[in-house]
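Novice: Just lifted these from Swiss-Prot, have a look:
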- 1-22: signal peptide (SIGNAL)
- 23-106: domain 'Ig-like C2-type' (DOMAIN)
- Cys50-Cys90: disulfide bond (DISULFID)
- Asn223: N-linked glycosylation site (CARBOHYD)
- 238-327: domain 'Fibronectin type-III' (DOMAIN)
Amino acid sequence: MHPQQLVVSWFSLVLLASPIVAIWELEKNVYVVELDWYPNAPGETVVLTCDTPEEDGITWTSDQSSEVLGSGKTLTIQVKEFGDAGQYTCHKGGEVLSRSLLLLHKKEDGIWSTDILKDQKEPKAKSFLKCEAKDYSGHFTCSWLTAISTNLKFSVKSSRGSSDPRGVTCGAASLSAEKVSMDHREYNKYTVECQEGSACPAAEESLPIEVVMEAVHKLKYENYTSSFFIRDIIKPDPPKNLQLRPLKNSRQVEVSWEYPDTWSTPHSYFSLTFCVQVQGKNKREKKLFTDQTSAKVTCHKDANIRVQARDRYYSSFWSEWASVSCS
């Protein structure tokens, strides 16, 4: 047999669909059926083929029904709704021969569903994935929000452009202990850490990082994408080691700080600029901006001095505030 025929025959043992573009393999024995979602939609015809050399005595069942769905090596089903998805199993004489799990990916009015994640609306509308980098090392963190707490599975893949999918490695998604309140509702926060393997911090980026997150809730499949340059998601850690030094014969103090440990080096090349503000109980003083790591301010009783940082030469996001008490 010709090698190409072998490949086609092997695939036909697993699953056939018409049209073939409407169904694809997510992982071994798990398939996504793409459906146009509207009233009286015809759905997709899916032909399941039992992965066995056996020919006779085969029956089919589904976890959605207690009845025998059919007999023979193949089973043809019409997938229109979630009740038609789920796990299909072929048996012979009480023995399980193979299983196939069908998930649904909905498209309404030409738009793929985004029901699983919450739109964070930052830095723009339809921002389901929020990615940040603390420096230019190629390491970044992406997070997302969901109101769903059970039957969830996430998988994240990333690359620099679409030419080399091995260029960026992402770990497993983890549930944060932090709950996020938005629109009068609490959401679970998930994060994932990614690292570009051959990152050069000083090099100009020509291709963006591409991130694809696949989400499965019960029998629903969705995917979310984000594309960015590392320079556009930079958010430094706050300055560290804030210190106050009283000035002689003056109501002012000198506040000093250091670059965060996580920031790229050398600092002479990767420079930060800083914002300093005195925050009292009832008001906030005017902000002071400096490229130095110290500043002179008037420190009122019961006030705090706070400092934040961002990239000096590229308008990155400002860091969170670091603060020290005046008292």
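Each residue, glycine too, has its Cβ placed from N, Cα and C.
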Novice: Take the domain 'Fibronectin type-III' (238-327) and count its residues per DSSP category (helix H/G/I, strand E/B, coil), listing them in that order.
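Specialist: The composition, in the requested order, is 0 helix, 43 strand, 47 coil.
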Novice: Measure from the Cβ of Cys90 (disulfide bond) and count the other Cβ atoms within 10 Å, all protein chains considered.
Specialist: 27
Novice: What's the CA-CA gap between Cys90 (disulfide bond) and Asn223 (N-linked glycosylation site) in angstrom, rounded?
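Specialist: One finds 30 Å between the Cα atoms of these residues.
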Novice: Going along the chain, which residues six or more apart from the residue listed as 'N-linked glycosylation site' have their CB under 8 A from its CB?
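Specialist: When sequence neighbours closer than 6 are ignored, the residue listed as 'N-linked glycosylation site' has His105, Trp112, Val212, Met213, Glu214, Ala215 within Cβ distance under 8 Å.
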Novice: Quick one: mean pLDDT on the domain 'Ig-like C2-type' (23-106)?
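Specialist: On average, pLDDT over the domain 'Ig-like C2-type' (23-106) sits at 92.
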